[in-house]
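Asks: Submitted below is the structure of interest, expressed as structure tokens.
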Amino acid sequence: SPTCIPSGQPCPYNENCCSQSCTYKENENGNTVKRCD
């Protein structure tokens, strides 16, 4: 079974995250990327 994605790492869907929450965050370059909460 796939392991969950830790907080702060890029994610496609909420279900992929250990926290079950993947939201858009702005990175240092001003780009918006979905990452686990």
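Each residue, glycine too, has its Cβ placed from N, Cα and C.
From Swiss-Prot, for reference:
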type	residues	note
DISULFID	CYS4-CYS18	disulfide bond
SITE	PRO10	site 'Critical for insecticidal activity'
DISULFID	CYS11-CYS22	disulfide bond
DISULFID	CYS17-CYS36	disulfide bond
SITE	ASN27	site 'Critical for insecticidal activity'
SITE	ARG35	site 'Critical for insecticidal activity'
Asks: Here the disulfide-bonded residues are CYS4, CYS11; which one has the lowest number of other Cβ atoms no more than 10 Å from its Cβ?
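Replies: Lowest Cβ count within 10 Å among the disulfide-bonded residues (CYS4, CYS11) is CYS4.
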Asks: Fill in the CA-CA distance, CYS4 (disulfide bond) to CYS17 (disulfide bond), as an integer in Å.
Replies: 5
Asks: Give me the non-local Cβ neighbours of PRO10 (site 'Critical for insecticidal activity'): same chain, 6+ apart in sequence, Cβ-Cβ under 8 Å, ordered along the sequence.
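Replies: Correct list: VAL33, LYS34, ARG35.
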Asks: Run through the Cβ atoms and count how many others sit within 10 Å of the one on ASN27 (site 'Critical for insecticidal activity').
Replies: 10
Asks: Far apart in sequence but close in space: which same-chain residues, 6 or more away, have a Cβ under 8 Å from CYS18 (disulfide bond)?
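Replies: Sequence-distant Cβ neighbours: CYS4, ILE5, PRO6, SER7, CYS36.
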